[in-house]
Amino acid sequence: MGHRVYGELMRYSHDLKTERKMHLQEGRKAQQYLDMCWKQMDNSKKKFERECREAEKAQQSYERLDNDTNATKADVEKAKQQLNLRTHMADENKNEYAAQLQNFNGEQHKHYYIVIPQIYKQLQEMDERRTIKLSECYKGFADSERKVIPIISKCLEGMILAAKSVDEHRDSQLVIDCFKSGFEPPGDFPFEDYSQNIYRTISDGTISTPKQEGMRIDTKTTVGKAKGKLWLFGKKPKGPALEDFSHLPPEQRRKKLQQRIDELNRELQKETDQKDALIKMKDVYEKNPQMGDPSSLQPKLTETMSNMDRLRMEIHKNEAWLSEVEGKVAARSDRRHSSDINHLVTQGRESPEGSYTDDANQEVRGPQQHAHPSEFDDEFEDDDPLPAIGHCKAIYPFDGHNEGTLAMKEGEILYIIEEDKGDGWTRARRHNGEEGYVPTSYIDVTLEKNSKGS
């Protein structure tokens, strides 16, 4: 309808306006020519009238002198010659006026009986063609609508069938699979026995009785900010997305990384095909120099190779992140069958209070809330420092502005005192004894079975 009917109608309308303008110009030209003929005839008429009056004056002057006895013969002859001259000029203007009058009458007859009727006839034929074209366009509009009606009916039937085939349980399950976080619910809090200080004996001294590690207060567990991750019932944090999608939950991060890897592979395949095509074209140019200059393809070929290298690096980096995520998910599933106390500690680390937020400024939110101050900190001041279980090298610099985190520089060597429990954070210590949490993805970890604490 838009191309065959409406487009054709607009083109015809433009042509019709041009033709109508041409006919009107012809009518104006014919009217201007008739007006010019009338002016010439009117001028000759006025000139003839003026000459006739001059001839009458000359005749009266001659008759007056001829009847005057006192007039000389020379004056009479002069008046007679003037009369003859005026009479001759009057006759010439009479003939000119008669010719112009005859010409005007002929042009006027031609104008009103031939030229103007012809122009009106052309305008009438043009309007008749316009009417026929309009009728054809109306028919075209109707035919287009009639052809579309079956398609619309089929679409409506498809919508009805789709509405009948809606499965609310399957749809809700798709939403769940799409947005599930991969986090595990937090475990039960352990009982903290503060009454054991009552039963201390004097022989115990000032040093606190070492507690079982399973009963130690897990300062990494908190409830105060649990609502921060309940996006459905609270405010979802906002902020720029990170390149490695570490701001997302594990399951969502894995999906995003997989999608990015697939996109990069498709782009790499396109660049590879382009490189092959350029190489073939270059070979053709080298064999047939008249078809083109082979050196003109070298910049494009170099650019394509550079793009391929960049895409390979991106794929390798994203695959490393994906392997890291999949390894953590597998490690988390293995820890589900551990002991109750260890399970509680692990749940506290892997609760929705982890480091996965959409706000880049809250990237280290997990360790910030893990290391919240407690009035019972004095109870653990005399505890021995945790032994080092390995060491790590910082791949990227980390600011560590938040409480509980440890700032590090690129290439710095740190001791590992507690490995990543699945929340993306590793507890490390410097040589000077300063401890804190650092992002696992920012370090290269090497665990040592027989390492001693420093």
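Each position is counted from 1, following the chain as shown.
Cβ atoms are placed via backbone N, Cα and C, with glycine included.
According to TrEMBL, the feature coiled coil maps to residues 254-288, out of the candidate ranges 219-253, 254-288, 289-323. Helix, strand and coil residue tallies for the domain 'SH3' (387-448), in that order: 3 helix, 29 strand, 30 coil [DSSP].
Averaged over the domain 'REM-1' (247-324), the predicted model reaches a pLDDT of 88.
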